[in-house]
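Novice: Please see the structure below; I have some questions.
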Amino acid sequence: MTTMLTTPLSGWSQLSLSFLTLTVGALALIVVLYISIDRFPAPRWLSKKYQLIGQKDPASTTSLECPYSYIRQIYGHYHWAPFVHKLSPTLQYDDPAKYKMVLEIMDAIHLCLMLVDDISDGSDFRKGRPAAHRIYGPSETANRAYLRVTQILNQTTSGFPHLAPWLMRDLENILEGQDLSLVWRRDGLKNFPTAPLERAAAYQRMASLKTGSLFRLLGHLVLEDRSMDDTMTLVAWYSQLQNDCKNVYSTEYAKMKGAIAEDLSNGELSYPIVLAMNAPDGHWVDLALQSPSPWNVRNALRVIRSDKVHQMCMAEMAESSSSIQDWLALWGRKEKLDLKSV
């Protein structure tokens, strides 16, 4: 009978075996960490982008002393002027004081809403520039927005009292729509309809309040009647659709915002997101809204950017824009919606 002899491993072999064991263990740990990180939302303070944008000294980023002046510089003064000219071509000459007041009101309401929106959304950029609250801080930015809106309300009441009721009513509707959107974000989907048609209708009603009221306000201020409500509502709905779609479909928009699918990561509903909930694999969208981990967001984006959802969004944009092309030419926003399934 042959006896098997075993010899102890040499020192080099033992070292190699130990190194191999450590390497395998380290790789396993990396895989576990990656899977864990990929499945859970990362704290915003871990983002290098989040750390770099904020400035302790606003003067190092802009010479403008307040958030409102800063965002107004980005968009330009009186950016609603083309719409006013279309609604009333001679207002600038017939009543220059009212003409200027209408433009001041529209700038103040629109831009101040964006200041607060960017805080709510945690946005880092606005049109490729640092968002105002990332320069001046959330508290000063929000307070300046409230201050400017209060100033414009007082100026309207004292100087143009016949315009004040229109402004107050439409501003209330805008904020009601914004509040509804924020409640959905806070509560998740438990208070949102489940049937596809009901979901789309609920979202469109919110958009009509939040965005539609802003556009209708312009018609109310210029014409002092409701004769353009239907047209302004349609222009507003297209604007909302365009904004929603570019958030998930536009490479250009993602570069300017410094984020892809910001609405989804923030747990905020948009038209493509609402449609995707009822698409095949729509449960990924629900999961991403509840827990926006990289894994959930990637899978949700795959559904949102699917051919079916993309085609439904493009069809709605085409239908809503068919009768308002002259108004959309004034709006002038044409981001290329080129992102597809991932």
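Cβ coordinates come from backbone N, Cα and C, glycine included.
Look at Swiss-Prot and you will find HIS110 tagged as isopentenyl diphosphate binding site. Annotation comment: Swiss-Prot describes ASP117, ASP121 as Mg(2+) 2 binding site, evidence class similarity to another entry. The annotation Mg(2+) 1 binding site is assigned in Swiss-Prot to ASP117, ASP121 on the grounds of similarity to another entry. Among the features that Swiss-Prot reports, dimethylallyl diphosphate binding site is placed at ARG126, LYS210, THR211, GLN240, ASN247, LYS257. Residues or ranges marked as N-linked glycosylation site by Swiss-Prot on the basis of sequence analysis: ASN154. The site 'Important for determining product chain length' feature in Swiss-Prot is assigned to TYR146; the stated evidence is similarity to another entry. According to Swiss-Prot, the transmembrane segment annotation covers 17-37.
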Novice: I'd like the number of other C-beta atoms within 10 A of the C-beta of ASP117 (Mg(2+) 2 binding site), please.
Specialist: 16
Novice: Do me a favour and check the Cα-Cα span between ASP121 (Mg(2+) 2 binding site) and ASN247 (dimethylallyl diphosphate binding site); whole Å is fine.
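Specialist: Computed Cα spacing between ASP121 (Mg(2+) 2 binding site) and ASN247 (dimethylallyl diphosphate binding site) is 13 Å.
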Novice: Work out how many Å separate HIS110 (isopentenyl diphosphate binding site) and THR211 (dimethylallyl diphosphate binding site) at their Cα atoms, rounded off.
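Specialist: The Cα atom of HIS110 (isopentenyl diphosphate binding site) is 10 Å away from the Cα atom of THR211 (dimethylallyl diphosphate binding site).
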Novice: With every protein chain in view, how many other Cβ atoms are within 10 Å of the Cβ of HIS110 (isopentenyl diphosphate binding site)?
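Specialist: So the number of other Cβ atoms within 10 Å of HIS110 (isopentenyl diphosphate binding site) is 18.
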Novice: Counting distance between Cα atoms, which of the recorded positions ASP117, TYR146, ASN154 is nearest ASN247 (dimethylallyl diphosphate binding site)?
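Specialist: Its closest listed neighbour, by Cα, is ASP117.
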Novice: Nearest to GLN240 (dimethylallyl diphosphate binding site) in three-dimensional space, by Cα, is which of the recorded positions ASP117, TYR146, ASN154?
Specialist: ASP117
Novice: Say you check the Cα of TYR146 (site 'Important for determining product chain length') against those of the binding-site residues ASP117, ARG126, LYS210, THR211; which is nearest?
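Specialist: It is ASP117, whose Cα lies nearest.
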Novice: How would DSSP class ASP121 (Mg(2+) 2 binding site) in three states?
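Specialist: In the DSSP reduction, ASP121 (Mg(2+) 2 binding site) maps to helix.
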Novice: Mind giving me a neighbour count for GLN240 (dimethylallyl diphosphate binding site)? Other Cβ atoms within 10 Å of its Cβ, every protein chain shown.
Specialist: 22
Novice: Can you grab the distance from the residue listed as 'N-linked glycosylation site' over to THR211 (dimethylallyl diphosphate binding site)? Cα atoms, rounded to a whole Å.
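Specialist: For the residue listed as 'N-linked glycosylation site' versus THR211 (dimethylallyl diphosphate binding site), the Cα atoms are 23 Å apart.
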Novice: Can you tell which of the binding-site residues (ASP121, LYS210) has the fewest other C-beta atoms within 10 angstroms of its C-beta?
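Specialist: Among the binding-site residues ASP121, LYS210, the sparsest Cβ neighbourhood within 10 Å belongs to ASP121.
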Novice: So which one is it: of the recorded positions ASN154, THR211, ASN247, which has the fewest other Cβ atoms within 10 Å?
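Specialist: Output over recorded positions ASN154, THR211, ASN247: least Cβ neighbours within 10 Å is ASN154.
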Novice: Within the chain of ARG126 (dimethylallyl diphosphate binding site), which residues six or more apart in sequence place their C-beta under 8 angstroms from its C-beta?
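Specialist: Non-local contacts for ARG126 (dimethylallyl diphosphate binding site): ILE71, ILE74, MET114, ASP118, ALA132.
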Novice: Tally every other Cβ atom lying within 10 Å of the Cβ atom of TYR146 (site 'Important for determining product chain length').
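Specialist: 12, counting other Cβ atoms within 10 Å of TYR146 (site 'Important for determining product chain length').
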